[in-house]
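A short write-up of the structure that comes next.
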């Protein structure tokens with residue numbers, strides 16, 4: 001699949017952005033000394049002419065004593081590829097944070113402190129054998145050690161940990177894999193308690209971070225022990241001023257977050273000693289330094305790191321701070337850094353992966369942007385904007401605990417309840433008897449009491465559901481309820497339309513398989529709402545997928561509608577009962593939750609009534625090539641959602657390859673999430689559960705059934721890449737309908 005927007009963990013895009021900016025910064029900065037001084041002098045004149053940012057900027061000084069970075073060797077023998085942006089954003093980028101585990105991990109530098117007396121003799125013997133190699137545990141500062149490398153050190157020693165070979169060459173590096181070789185040579189293997197001998201982790205002794213008062217990250221620098229020749233962080237900031245000043249200059253000339261180059265109206269520093277050392281340097285830039293250093297980590301109580309919106313070129317993956325990015329002049333969907341990348345993408349082989357083939361189709365998809373952004377909520381304009389700042393939106397509403405942490409890259413601090421991924425869902429928090437506890441924020445309750453009477457009809461929009469449920473249109477709970485409401489919409493609308501012979505609305509029990517369910521299982525309690533919407537139906541949800549926590553395999557628990565109790569019953573899992581317990585007419589109906597942590601084609605169990613998959617991305621996982629034939633053999637109604645119309649087309653192609661069947665025309669999901677998803681290399685609109693389609697199975701031999709519908713006739717394909725042209729004011733662009741909202 002060409003685009004992975006909506007399927008890739010946001011933290012990976014964030015990591016690629018950090019490494020891309022840091023690599024550029026290190027390459028241009030060079031080593032500390034005369035070269036750095038000259039570089040800063042060149043930037044000073046440029047920065048003095050920059051426009052002023054009215055926001056306060058903050059230079060954070062964050063010491064680190066306890067966390068190290070361990071660089072792995074990758075899945076293949078030999079040095080790993082590192083974590084350069086080419087690997088993070090290449091043709092086959094990792095999609096999940098767990099995919100980084102073979103290459104990088106975080107380790108505690110305090111491990112092994114217990115039981116040191118028992119291992120003291122072994123450690124002394126190892127030191128003698130290694131020629132006195134020192135430990136990589138926490139190092140105390142020494143007065144005669146320098147915090148930063150000197151000008152005599154080569155530039156490649158300032159490369160970030162895990163950087164790619166290309167980045168090393170740009171910073172003055174040499175042979176392939178030199179980074180990993182240097183780590184192996186300079187850090188001797190250590191025997192640590194509970195671990196096998198391995199290369200000692202790198203220690204990021206200090207992190208310099210430039211942000212504005214709103215939390216937008218503008219620049220970052222890492223001081224790493226050993227590999228960069230620095231000492232560990234002590235109580236002072238000796239020789240840190242040149243590094244900090246270079247970081248400030250580069251952050252103004254090339255801000256990492258968003259916006260054009262600019263200088264702050266005022267700067268504050270989070271360290272008293274560094275503040276004094278910068279008093280004579282910062283005024284050179286035409287920037288006012290605060291009279292006193294910042295005494296707390298954040299300049300204001302509402303501070304939160306903002307969503308970063310640095311875009312990338314679809315072909316070479318350069319970020320917007322490295323090159324000016326413009327969309328294709330014909331479809332306006334794909335971003336390129338210049339004509340060379342546009343032409344390369346236009347002429348890709350085979351033809352059906354080239355932009356020449358996709359350009360008219362993407363133009364048609366872009367015309368749906370206005371329709372997808374049409375939602376009844378009071379915050380619609382904000383959350384459907386291309387510049388939507390999700391982290392700030394959630395933080396401003398106090399949505400920083402429970403299931404809301406699954407939507408944000410920010411991890412709550414001590415004292416905040418968090419549903420850890422991989423644990424039995426909600427077990428510890430269900431004991432209070434409130435099934436909606438994990439959906440709450442820091443303020444008033446988001447979910448009102450369950451209405452005393454079941455709905456008289458079926459709902460087909462957020463507006464209707466919110467009205468019946470007593471919810472304000474200012475409530476963002478739709479972001480979490482998109483999953484159960486989508487299941488409800490499939491049961492009450494789509495199955496009766498596409499499979500009327502099943503008479504599904506009259507069934508008193510339904511077995512539903514939720515396939516490739518990872519994120520959905522992490523939010524499992526949101527499916528409680530199905531008991532409110534379908535009170536007379538006994539539901540069984542079987543979550544299946546190899547992305548589920550292995551420890552959850554074969555778990556089974558029951559959510560019950562009546563009584564106020566919450567209990568754990570041995571042998572049958574969890575039994576949860578809500579706080580509103582009037583028994584419904586027609587008898588009690590339960591929601592059974594079962595888990596199978598394996599690919600769907602390996603799952604053994606009773607035939608379901610319905611199969612549902614959320615944001616499936618058939619083309620992104622090889623197991624679908626075996627799971628789709630399994631569904632073909634079962635021939636049960638199978639509905640899937642996708643985050644874009646483009647993804648639906650790709651799923652149809654995968655279905656045709658895997659089974660010879662097809663997919664129904666996708667239709668917008670009225671219960672899609674209102675939050676627009678980030679897209680790094682394109683301008684298309686992506687929303688969780690945006691479109692729905694169902695599988696069209698290949699007719700069985702001799703059945704006489706009609707074959708699966710083929711794909712729609714292709715749009716005419718241009719023969720040459722579109723040339724950027726200027727349109728006169730007032731002239732409309734041909735072939736385009738409603739434009740997406742800004």
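Each Cβ is built from the backbone N, Cα and C atoms, and glycine gets one as well.
Range 565-590 is the one annotated as region 'Disordered', of 487-512, 513-538, 539-564, 565-590 (source: Swiss-Prot). Cross-referencing 219-265, 266-312, 313-359, 360-406 with Swiss-Prot places the feature zinc finger at 313-359. Annotation for residue 337 (Zn(2+) 1 binding site): same-chain Cβ neighbours under 8 Å, separated by at least 6 residues, are 313, 315, 316, 318, 322, 323, 324, 325. Taken residue by residue with DSSP, residue 355 (Zn(2+) 2 binding site) is part of a helix. Comparing the binding-site residues 313, 316, 331, 359 on other C-beta atoms within 10 angstroms of each C-beta gives the minimum for 316. A simple Cβ count within 10 Å picks out one of the binding-site residues 328, 341 as the most packed, and that one is 328. It is 11 Å from the Cα atom of residue 341 (Zn(2+) 1 binding site) to that of residue 355 (Zn(2+) 2 binding site). Taking a C-beta cut-off of under 8 angstroms and a sequence separation of 6 or more, residue 355 (Zn(2+) 2 binding site) has the following same-chain neighbours: 328, 334, 342, 345, 346, 348, 721. Each of 330, 333, 334, 346, 356, 358, 360, 362, 363, 722 belongs to the same chain as 328, 331, 355, 359, is absent from that list, and has a C-beta within 8 angstroms of the C-beta centroid marking the Zn(2+) 2 site.
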